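Enquirer: Dumping the structure here so I can ask a few things about it.
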Amino acid sequence: MRRRRAGGRTMVERASKFVLVVAGSVCFMLILYQYAGPGLSLGAPGGRAPPDDLDLFPTPDPHYEKKYYFPVRELERSLRFDMKGDDVIVFLHIQKTGGTTFGRHLVQNVRLEVPCDCRPGQKKCTCYRPNRRETWLFSRFSTGWSCGLHADWTELTNCVPGVLDRRDSAALRTPRKFYYITLLRDPVSRYLSEWRHVQRGATWKTSLHMCDGRTPTPEELPPCYEGTDWSGCTLQEFMDCPYNLANNRQVRMLADLSLVGCYNLSFIPEGKRAQLLLESAKKNLRGMAFFGLTEFQRKTQYLFERTFNLKFIRPFMQYNSTRAGGVEVDEDTIRRIEELNDLDMQLYDYAKDLFQQRYQYKRQLERREQRLRSREERLLHRAKEALPREDADEPGRVPTEDYMSHIIEKW
């Protein structure tokens, strides 16, 4: 009877040990999975990465021919944007460049620790830093037109610091760092889009055009129309106005207008004025933290994400069917628009080349880093396989047995 009881206890003890060993092994494998395979997705068939990690961006053109020389420092745009510090993104919104869509991306589509608070019926969102009630974004949809409607580079650089000092007085103890960004668009498409917008009644007459501490006089900036707006104007009428701010708008809004006497056209000769404006716009564009092109939405998204180390929740969409795209114009009219926007044509050609070179540089750098990581992982895997197994000289030991159960068994 005692032998049966002793034998029963032995069987129970062995069964308990086996259950403990199996449970411990399962826990060990789960822990090992967490450390060894964090990049795998249980929900993705075939071990593929989840959709967020798939490469949504176009492959760089290997046959792209560079037009301009840019040093590496102009192609490297990897900033340490400190949202919890005193850094501020300032969006320079040029009319009819897709800035409204991009501006909404900034307040509604960026993956943030503390998302912007956008409430129905309100035109502005509250974009506070994660650690305090201060804004990290200066834009139409966050701070409104605080420096005037569609303020340009000259206005923003002189206005933004003061506006934020008044809004966030507690931040006066440390200087802010401003990161200017903008979007550019093909000049002909942008010009036609602005004409259609004006034709529907838009005026932007509340824009300040502040420069050197004052607004332009009526003599310096005469209106193109009489009355409240220019609705119903024909394309020919739009092109015939010599004071139309749509002409070379992108260069004017990116240049330092103080260099040419602001809107005083008699300050310097016309040819020299044009050259100074173009060179200033190129310089300021290069100095910006980021700029995108309306015609390349996915590449614009890619460069913004890599520049600021921020991720968008949803990918950008390329919409080629715009109001400007529906306008039928003949070749003579297109040439006329190109002549009226000659400075913008030169700037866009320059910007497009810089944009493409930055994209290619970033993609090649990223691919190179991926290859290096893959090579290191393969070498590490081979090194682990080459290590001798320490438990190979202990026959009879169950592979899934943990250390404590092995010691108990020896007792």
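A Cβ is built for glycine as well, from the same backbone N, Cα and C atoms used for every other residue.
The active site, proton acceptor annotation in Swiss-Prot covers HIS150. The 3'-phosphoadenylyl sulfate binding site annotation in Swiss-Prot covers 93-101, ARG185, SER193, 317-319, 323-324 and rests on similarity to another entry. Marked as coiled coil by Swiss-Prot on the basis of sequence analysis: 352-387. Residues or ranges marked as N-linked glycosylation site by Swiss-Prot: ASN264, ASN320. The topological domain 'Cytoplasmic' annotation in Swiss-Prot covers 11-17. The feature topological domain 'Lumenal' is assigned by Swiss-Prot to 38-411. Residues or ranges marked as transmembrane segment by Swiss-Prot: 18-37.
I would like each feature placed in context: is it buried or exposed, what are its neighbours, and how far apart are things?
Expert: Residues near HIS150 (active site, proton acceptor) in space but far in sequence (CB under 8 A, at least 6 apart, same chain), listed by position: HIS93, ILE94, GLN95, TRP204, SER207, MET253.
A sphere of 10 angstroms centred on the C-beta of SER193 (3'-phosphoadenylyl sulfate binding site) encloses 23 other C-beta atoms.
Note on the coiled coil (352-387): residues 57, 59-61, 64, 66-68, 70, 72, 74-77, 285-286, 291-293, 296, 299, 302-303, 306 of its chain, located 6 or more positions outside it, place their CB under 8 angstroms from a CB of the stretch.
In this view, ASN264 (N-linked glycosylation site) is surrounded by 17 other Cβ atoms within 10 Å of its Cβ, with every protein chain counted.
In the predicted model, the topological domain 'Lumenal' (38-411) shows an average pLDDT of 89.
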Enquirer: Which residues, sitting 6 or more apart from GLN318 (3'-phosphoadenylyl sulfate binding site) on the same chain, put a CB under 8 Å from its CB?
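Expert: Residues satisfying the criterion: PHE296, GLN297, ARG298.
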Enquirer: Write down the Cα-Cα distance for ASN264 (N-linked glycosylation site) and THR101 (3'-phosphoadenylyl sulfate binding site), rounded and given in Å.
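Expert: Distance (Cα to Cα, whole Å): 34 Å.
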Enquirer: For a quick check of packing: other C-beta atoms within 10 Å of the C-beta of HIS93 (3'-phosphoadenylyl sulfate binding site), how many?
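Expert: By my count, 23.
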Enquirer: Specify the count of other C-beta atoms within 10 Å of the C-beta of THR97 (3'-phosphoadenylyl sulfate binding site).
Expert: 25
